[in-house]
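S.K.: Take a look at what Swiss-Prot says about it:
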ACT_SITE  432  active site, proton acceptor
BINDING   317-325, 340, 385-391  ATP binding site
COMPBIAS  579-620  compositional bias 'Basic and acidic residues'
COMPBIAS  639-655  compositional bias 'Polar residues'
COMPBIAS  746-760  compositional bias 'Polar residues'
COMPBIAS  797-819  compositional bias 'Basic and acidic residues'
COMPBIAS  864-877  compositional bias 'Basic and acidic residues'
COMPBIAS  973-984  compositional bias 'Polar residues'
COMPBIAS  1001-1016  compositional bias 'Basic and acidic residues'
DOMAIN    115-188  domain 'SH3'
DOMAIN    194-284  domain 'SH2'
DOMAIN    311-562  domain 'Protein kinase'
REGION    579-671  region 'Disordered'
REGION    736-775  region 'Disordered'
REGION    796-881  region 'Disordered'
REGION    914-937  region 'Disordered'
REGION    968-1016  region 'Disordered'
MOTIF     450-474  motif 'Kinase activation loop'
């Protein structure tokens, strides 16, 4: 309970168990004239065997005769049942006369006596705290064994549950305490939704004021004691009808029709008006007036109850949705206390007291201590000890930093870990651990408070129910995705709390919207270490943020590590050393940035031609060894030294101005190479390029003009901006022509045009390379070779994996043809030291920049204020989101490694193991300008090593999440080990405009994707790209949903047909294993170019998804037509002789049952489109229909009992009511 924190919770799970009114089989009759005799009969009947026989355990032969849903008319009534009851309080009091008042003197109920114990029904959901209390759902039936001394609690045995699933069946027979006012006798009218008991005429009109025509309720008459009144709303007015009783104890409104029970009367008038102004259609929901007061514990009811006259309220400390927190004075003990007051009608009392019920069992020096409660009258209080410094969040923000050195911060964190370790050992979860919910007392003593969301775990995990809400930025991924919580979920929240403490109260994930947090976490991003944070503390944060709960430490281990850190006495020295490094790097980086700014300003005085050059400069504005200022929350060298001990580079992470984004964890640090290496090497090329002032520059794409101007900080003059734009537009046509003329479509490709916001590709170059190699001009075009390489890489990535290795002109430029420098492939171009690539990635993981999250196309927000950011970030925004890209290992170690033949042989061996790794996806917005051209077939291998890296690293992030994997939808799971890198990409990419745009050209491009076999020169194309996922033009694979794959399989036909065609096209296969894999797994199929007709036409993705399930919306006409079909089948079925069991009859039974099931599912969808009142009745009818359908379906068994005529009538009656409701 935070003094300055909101006392209200996001939501309380106790409200999530909302369910429909229970189904009861027993009717209710009117009261006798004498109250005493009526109560005596009621108690006797509640113990009678007749009532005890009617339960969910009742045989179908008894339950099958219900003609309609039981909310209005419980069947199976007889003359012995009574019509009504007095108030529930009288019933409880009378029922308790035979019980033992003192709990200590209560007798043990034997099996024989428990069978005669009174049967009660739960009116509301009750969630017991601890093992002594019995949790109930609304509608559950219990037998009362006894009461405590003040009758506030009763000990009950669970007799039956509303749901007869396996988990509930195991609970039958459990014994525990429940509040007396949460249950009512089985024959009580309180179980009906429409019965409101003793309410006034004006109250009934107020309740029906929010209803519609047909809304009604039944109440006790104010003027005629012992009789009832129906209040019904029609055309904006409320009409009241008294229910009369004749000499034979029958109830009626008009003399024409009379009834023995109130339930029968209400049901009749729900079908026929018969004197009422309209039908009784929509029962008005009643307030939970019965959920009144009860003591905190059944065994010690007065232990925590305090006299509110002893408490003097002082100033208000904080407030929230559900109540306020005050500073108070306790006169008896002469001490200051904190009082948490519940606002009237803000939340149910039992939910408010659940927090106190948990706190009373917790006693630890680092947990806020409960002193008592005041629950006898409103407002209700929870009283705890007073913490003078308020909550931890505000304390960190307002306190002078000099008073909170690092050693004090770590001590605070250690105290919190100690308290959480105590909760962990006692199987409690907090679920709302944050700085705002921790309180600070004198001498920096910290205690955990606010247990409103805390729960006791009977198993290893606790699952919150649908609709529960929690603080997103503090909740673990399994809690956000599946509402599953454990102590390891609190460990995740502790990592965020530790980050709050280290930043003196800053909000986590700065600049990230709540809707984007889960996407960042799922794709490996984590927050950077705070500035000056010691590596050991940041390491602990990252351990708490492991994706798999099993990989996170326990609180006792966290507490042990923090205590060791405190005792080491080296914490302050580490912090000072870290800050000194950061300051030195910042000074050096500022100096370099100022030089770049001066060059940029000097260029602004040149012509529009030079403006375009300067726009290119924004893509390559760093020198070979940049030192970027280490701003807040930037991962520094020491921050990640425990991840990569072999790191020797001194380059820090790149960050633009504005709030940073979380970096990936240690398994996912490789993507950061893309920007750091590009920034470090492209600067030399950019500077040389400026001095050469070549005329053949890339034109400004129309859609990137504003981005380019914004990136330069608005320094481009307006006139020059317009001239540059117009000049670029004039050059677009000629530039396109030169692009199309190039054999590979990459000779004149534009980086600014080819790479969109969602591009995942760049060309990282190692620092050790001589930058002069990349600034020489190509003899054919006179253009900068380095720029041509980048364009070529980005261009050819969209065509085929074979083109990944074509840009070796820097190593052996003479091998390129004069006509098309990048057009042909040859064996000399395969010069990649594969085995050194991982080492390079590992050695550069610390110097790489933090990946910038992609735009909203990938469901991650992008900083709007990145003016000083290099344009190279535009080309790498998705880096790190989907795992390391294969650009990491491309052309990295060309100069370092000279053993090309060995590398080539090693590469071929590697290819044979990795040739089925799926392509990756790069959403490029300008794919429409990229033609597909023929490629040389002389090469025997395919460069797919980067795919292996991507799949491997992505698997590291998610392969240990076994508790969560089965919850994931198909589109988020890996189809096999080699395709784990495609996890969750389709979910983000579905909303991407860029992805949708590039998908238009997939049909044209996919059949032309060449792929070479490692064991021959036969040129084949994959015919099952629809299985691995739709291949984007850039060469990546998108994971498909299950219904997409199913529809594609249907179009493909059987596996044997496809395999036979492939065998005809490729008659000679060298490896039997491949042939076996071809027939076994569709994802491994390969065919020749002649098999293009096997590939089905690509549908529009939106149509494909929506059309597969919701081809047409559920309409009233659809339901009516289905009803007519079932009606006809029903008539035909029962026209057959009942004794005749033929195959025809059996088949008709199954067909009709299936159609009824189809009707049930269709109506369930239709029910969501109608008014809430109609939905209530609709669902009741559907539930009844399902029961009848089940009974009829199994009645076709020759050994089964033949269908009774009453069941037929009941089914027909229920069926007719559904038809009337649909028509109405």
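Placed from the backbone N, Cα and C atoms, the Cβ positions cover glycine too.
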S.K.: Counting across all protein chains present, how many other Cβ atoms fall within 10 Å of the Cβ of residue 432 (active site, proton acceptor)?
M.R.: 23
S.K.: What does DSSP call residue 387 (ATP binding site) in the simple three-state scheme?
M.R.: coil
S.K.: Applying a 10 Å Cβ distance cut-off over all chains shown, what neighbour count does residue 323 (ATP binding site) have?
M.R.: 25
S.K.: Taking the Cβ of each of the binding-site residues and counting other Cβ atoms inside 10 Å, which one has the highest number: 320, 390?
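M.R.: The largest 10 Å Cβ neighbour count belongs to 390.
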S.K.: Between 0 and 100, where does the mean pLDDT of the motif 'Kinase activation loop' (450-474) sit?
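M.R.: Here the mean pLDDT over the motif 'Kinase activation loop' (450-474) amounts to 78.
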S.K.: How big is the gap, in Å, between the Cα of residue 323 (ATP binding site) and that of residue 432 (active site, proton acceptor), rounded to a whole number?
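M.R.: Their Cα atoms are separated by 17 Å.
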S.K.: What does DSSP say about residue 340 (ATP binding site): helix, strand or coil?
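M.R.: Once the DSSP labels are grouped into three classes, residue 340 (ATP binding site) ends up as strand.
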S.K.: Can you check which residue among the binding-site residues 317, 387 has the largest number of Cβ atoms within 10 Å of its own?
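M.R.: Max Cβ neighbours within 10 Å, all protein chains included: 387.
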S.K.: Using the alpha carbons only, what distance in Å do you get between residue 387 (ATP binding site) and the residue listed as 'active site, proton acceptor' once rounded?
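M.R.: Counting only the Cα atoms, the answer is 19 Å.
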S.K.: What's the CA-CA gap between residue 340 (ATP binding site) and residue 432 (active site, proton acceptor) in angstrom, rounded?
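M.R.: Distance (Cα to Cα, whole Å): 17 Å.
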S.K.: At the level of the C-alpha atoms, what whole-angstrom distance separates residue 317 (ATP binding site) and residue 432 (active site, proton acceptor)?
M.R.: 20
S.K.: Suppose we draw a 10 Å sphere around the Cβ of residue 340 (ATP binding site). How many other Cβ atoms does it contain, all chains included?
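M.R.: Excluding its own Cβ, residue 340 (ATP binding site) sees 28 Cβ atoms within 10 Å.
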S.K.: Look up residue 323 (ATP binding site) in the DSSP assignment and reduce it to helix, strand or coil.
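M.R.: DSSP call for residue 323 (ATP binding site): strand.
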S.K.: Taking only the Cα atoms, work out how far residue 432 (active site, proton acceptor) lies from residue 390 (ATP binding site), in Å, as a whole number.
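M.R.: Distance between the two Cα atoms comes out at 17 Å.
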S.K.: Within the domain 'SH3' (115-188), how many residues are helix, strand or coil going by DSSP?
M.R.: 10 helix, 30 strand, 34 coil
